[in-house]
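J.: Provided herewith is a single structure, encoded as structure tokens, for subsequent inquiry.
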């Protein structure tokens, strides 16, 4: 049976991950730890014999720079890359820039958990005159006003990620090309929910660690057979737990 592999990588720790702030579409860069995580992901992939024909990422530099570091370790810096806003992190609306623990102290752990992980729950909206509104950013100049979010739930994130998967990424895989995607916690959760047919309750508890390669294997009909992280299982579990705890009051 022919098996096709897909590799997903959540960007390495960003400066705002380090500061425990809601990031969303804010274009913050990797921390020093995040750069190390991205390089380590590339080394792991090289050790496991992975190489790629095409890469996808978002238009946010924490994902782009993660991909750069991964491909550099693979000696594949030349690889063609498509960047799309449809792989961006979920837009956190008016929460962007706020400290997660302080927000939990103000609104309660459960409210913040719902904002972070609830399926159809949207954080408070931005206004269009807010400097954080993506309509002020030249990289989104070609998007219609309808496409520019004031806030997003995971459900709304799925509405942009999955058509991009079905229309753009999957056809490339079906043509025989080996693909890697470097993206974000919630854009990858959107894809994982779809691939694994997860319920809304199941996705609430899913936390994807930073900078760890997640491998999906597909059968000849491009149905997922299995998935697994590369690396030390205990370290990966600890990193996922740390992601879950970011939204709790101190």
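A Cβ is built for glycine as well, from the same backbone N, Cα and C atoms used for every other residue.
Here's the feature list from Swiss-Prot:
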- 11: active site, tele-phosphohistidine intermediate (ACT_SITE)
- 89: active site, proton donor/acceptor (ACT_SITE)
- 10-17, 23-24, 62, 89-92, 100, 116-117, 185-186: substrate binding site (BINDING)
- 184: site 'Transition state stabilizer' (SITE)
J.: Restricting to the same chain and to sequence separations of six or more, state which residues have a Cβ under 8 Å from that of the residue listed as 'active site, proton donor/acceptor'.
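T.: Within the chain, the residue listed as 'active site, proton donor/acceptor' has Cβ neighbours under 8 Å at 23, 24, 25, 58, 60, 183, 184, 185, 186, 187.
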J.: Round to the nearest Å and give the CA-to-CA distance linking residue 90 (substrate binding site) with residue 11 (active site, tele-phosphohistidine intermediate).
T.: 14
J.: What number of additional C-beta atoms lies within 10 angstroms of the C-beta atom of residue 90 (substrate binding site)?
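T.: A count of 29.
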J.: Residues with Cβ closer than 8 Å to the Cβ of residue 10 (substrate binding site), same chain and 6+ apart in sequence?
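T.: In sequence order, the residues whose Cβ lies under 8 Å from that of residue 10 (substrate binding site) (at least 6 apart) are 182, 183, 184, 185, 188, 208, 209, 210, 211, 212, 214.
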J.: Could you check what DSSP calls residue 24 (substrate binding site) once collapsed to helix, strand or coil?
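T.: The residue in question, residue 24 (substrate binding site), is coil (DSSP, three-state).
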J.: Round to the nearest Å and give the CA-to-CA distance linking the residue listed as 'active site, tele-phosphohistidine intermediate' with residue 100 (substrate binding site).
T.: 19
J.: Looking at the recorded positions 11, 100, 184, which one has the fewest other Cβ atoms within 10 Å of its own Cβ?
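T.: Each of the recorded positions 11, 100, 184 was scored by Cβ atoms within 10 Å; lowest is 100.
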J.: Which of these binding-site residues has the least crowded Cβ, counting other Cβ atoms within 10 Å: 24, 185?
T.: 185
J.: Using the structure shown, find which entry in 13, 16 (the binding-site residues) has the sparsest Cβ neighbourhood within 10 Å.
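T.: With the binding-site residues 13, 16, fewest surrounding Cβ atoms within 10 Å: 16.
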